[in-house]
Amino acid sequence: MARLSPGKAACWMVLGLLIPSLTESSILNSECPQLCVCEIRPWFTPQSTYREATTVDCNDLRLTRIPGNLSSDTQVLLLQSNNIAKTVDELQQLFNLTELDFSQNNFTNIKEVGLANLTQLTTLHLEENQISEMTDYCLQDLSNLQELYINHNQISSISANAFSGLKNLLRLHLNSNKLKVIDSRWFDSTPNLEILMIGENPVIGILDMNFRPLSNLRSLVLAGMYLTDIPGNALVGLDSLESLSFYDNKLIKVPQLALQKVPNLKFLDLNKNPIHKIQEGDFKNMLRLKELGINNMGELVSVDRYALDNLPELTKLEATNNPKLSYIHRLAFRSVPALESLMLNNNALNAVYQKTVESLPNLREISIHSNPLRCDCVIHWINSNKTNIRFMEPLSMFCAMPPEYRGQQVKEVLIQDSSEQCLPMISHDTFPNHLNMDIGTTLFLDCRAMAEPEPEIYWVTPIGNKITVETLSDKYKLSSEGTLEIANIQIEDSGRYTCVAQNVQGADTRVATIKVNGTLLDGAQVLKIYVKQTESHSILVSWKVNSNVMTSNLKWSSATMKIDNPHITYTARVPVDVHEYNLTHLQPSTDYEVCLTVSNIHQQTQKSCVNVTTKTAAFALDISDHETSTALAAVMGSMFAVISLASIAIYIAKRFKRKNYHHSLKKYMQKTSSIPLNELYPPLINLWEGDSDKDKDGSADTKPTQVDTSRSYYMW
């Protein structure tokens, strides 16, 4: 290859320096449109290559037409935020134009933009106009166009050949229009498209093969489209897709079948969808996935076993700001060796299992702050010397339970508590307290619980039948996770369904009350109180608990008997293992409401009441027996008179007592000593000992407890 002499080389160098100066001088010396700015500015190509371009900036000038004295050397023309609705031929002499910005103007039709013969144009901005349709071949002259921004318009119709001629198009923004369908024929003319943003359109739905022609697409944004379902073959053909966003849709489950058709996906955004749970198979064998976002999901309650399975390149998982996410299975992750960052803050999590963390060998940082953490054996691993994991914002990690540790920092509490086993705790948001179902539908109730050792979960139906994973039934089916399925639900299936989580330490329960077509049958009452005997000054009550629903090892923190009428109310704490109660010092011929209320450690309560009237005080009537039969009529007449007088006397006495017992009883009770109930009876009460156990203990023959109501709290 011939070499230049030093003199010639110097000449060429000087010439190279002069050419840009001459170009800049020509544009600056030519007449620049009034109020516009004409200068050389940095410019980046669609491939992000740095260049310098001759730029005419006429933004924000309220222009109604394009200035007529534009230089033919113009490469970038900026006319953003004006009032231009139509062009004539002002653009025809701009043969070097590479970027044109008409965003925020008043165009209603693409033909009125005047794009003919702009063969060098690579970037076109038409966002925020009033364009309503794209007709066939409306952009066919833009053979070098690489970026088209036509988002935030009023486009409701795009013809099949609207993008014809755009074989070099790399980026297409169609988001925020009024499209109701996506037609795969649009993309036949854009085989090299790499980025497609088509979100925020009111499409009826995504169809199978919708994006099949886009084999080179790398990023697809389907955000804010109210999508409720993604068909299994909707993403077929997207073999190069690396980034996919379903942000802010209405998906109720992970579109796992569709995701399996995207083999090279690296970044997946499912944020802000009402997905209820992440379950086995949802994210499986996605061999290139690196980052997953499941944030801001208002209905997400659990991440179940093997929900994330065989994801060898996943390095970051974000599952934050999910107000109902209260459960992550200890085996939620399987074969996820590369995960480094696990973000779980601002959820409703009580704990994260140590085994979950141990299944992630490369984990470097975890964020579980701003969760209602239970400071017991389940999270002891946090203070373990075996872990080198960095906790994000550790000063924001506070105990929410047990009550004695509430508000304290987690690490301070765990130093004090070293227990290895703890009671089950059912996650409270996994299923609702009340539901109204339509006849014939299938109901799923998800019950999840955390404890050490891991609890067994079973359900009890309104009639007391126990449903386990081994139960064989056409009506009920229980998954190993704790989800109860009730098929073909009918009116007779209404009632209270109880989830029981049990381990060697005890049990926890939660109840879902199910109505069917607005109807709730009365056969589901758990606690029932009865009147066994009534006297003038006392009432003997007893109660029955459905032992199939409330197991004998369920501990209750309080149980209270309350006697109430319009004039006086008093209460008494019920002793341990009592099933009968004798209420004394009552007034005769008086109406009372008697209620038994029990509460457990989770403030769940059961209550049963009965109305009863005490008997009238007895009067003795002695009537002489006359022997003569002739006096029988007189005796009968006397008896009638006596009975009449007695009835009147009883009525007067009853009125007198009702009028005055209030003050006399108050005076009587004020003389008695006040004894706190927690000194009379133990603070922890177990009411649910089965009748069969009671018989074994020989307690069935014991006399009912005599309770002097004068020693109860006196409330007005």
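The backbone N, Cα and C atoms fix where each Cβ goes, glycine too.
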CYS377, CYS399, CYS499 - which one Swiss-Prot pairs with CYS447 by disulfide: CYS499
Cβ neighbour count within 10 Å of CYS447 (disulfide bond): 27
Residues that sit under 8 angstroms from CYS499 (disulfide bond) by C-beta distance, when 6+ apart in the chain: ILE426, PHE431, LEU445, CYS447, ILE457, TYR458, TRP459, GLY482, LEU484, THR509, ARG510, VAL511, ALA512
Averaged pLDDT, computed only over the residues in the topological domain 'Extracellular' (26-631): 89
Secondary-structure category, per DSSP, in which CYS499 (disulfide bond) falls: strand
